[in-house]
């Protein structure tokens, strides 16, 4: 399934102009980023599903749609593209549906959205190669993404079962936001780290934006595998959290690190091979730094649902906020002194790993206390 993601990552920069490729990846990143403005309601849905056995999917879908309509005017005014705004809406709805599929343990379907999008983006290569279109534009790529969203959603809705309670209570949406906001804020801060680096590249180091975009896409071969494990861990930990102990945590993290080291070894070989086909400056350097630092962070972060179920996510959020402020200050200093762009990537990786170390510290303290009872 993920082979289509790989093909997209490798094909698009081959036939799209470097500047256009960088711009499209910038917009695509924002589309995937938009659901975080739902203030954590999807994460709150998971919390109440597993911790209180409450089913609030109808409220999530209905009031989440209304919530998005409040954001829509700002997107429309700023981007002035109806296809882009529609894609942001479909991405938001897809995240709601994805969480519902996750609770039904339909992991393959839940994780198939991005591969489906990749299939249709790959199709743009054939449109160009066979001369069906003279030039690939943003609207063509947006339209292909739109079709992929509609197909995935139509299949997914057929698989979802709804509870028999027809009453919609807006208070249920608010309590999902209240519980999920700290979780969403944590993920939002992580994405803002990446957006900050991407924005700085676009504004001050434009010659490296395509390199950053491609490197970020290439490390998805590592991060998606780790995200898949995190996906399963959300359910596994949610179902067993009352009996989780320190041995369980050590066992889990050891297993995930073994997978990460194997993936990193294969990635290093892979990046030296594929870099020969792309004339992007510092591609190998950016990819290796991201692969090591971000790979290590997401290895640890794949168990972050422990913080959700043991209710110490707010502590991690405060640390993330502090580190993000440090990130902004350092970024301004780096721009002022015109430092090499690779130092922005290293800075982000180190700061994220500091938050991961803090997470491990909190988990060990909490589980040691639980074991001593």
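Backbone N, Cα and C define each Cβ position, glycine as well.
Listed features, source TrEMBL:
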TRANSMEM  26-48  transmembrane segment
TRANSMEM  60-76  transmembrane segment
TRANSMEM  82-99  transmembrane segment
TRANSMEM  106-130  transmembrane segment
TRANSMEM  136-155  transmembrane segment
TRANSMEM  176-195  transmembrane segment
TRANSMEM  215-234  transmembrane segment
TRANSMEM  255-278  transmembrane segment
TRANSMEM  284-310  transmembrane segment
TRANSMEM  317-337  transmembrane segment
TRANSMEM  343-364  transmembrane segment
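Segment contact holds for the transmembrane segment (317-337) and the transmembrane segment (343-364), given three or more CB pairs below 8 angstroms at sequence separation of 6 or more. Here the transmembrane segment (136-155) sits against the transmembrane segment (82-99); at least 3 CB pairs are under 8 Å, leaving out pairs fewer than 6 apart in sequence. Using the rule of three or more Cβ pairs under 8 Å, pairs at least 6 apart in sequence, the transmembrane segment (26-48) is in contact with the transmembrane segment (176-195). At the 8 Å Cβ cutoff, the transmembrane segment (284-310) and the transmembrane segment (82-99) share fewer than 3 close pairs (sequence separation 6 or more) and do not count as touching.
The stretches the transmembrane segment (176-195) and the transmembrane segment (343-364) meet in space: the count of Cβ pairs below 8 angstroms, excluding pairs fewer than 6 apart in sequence, reaches at least three.
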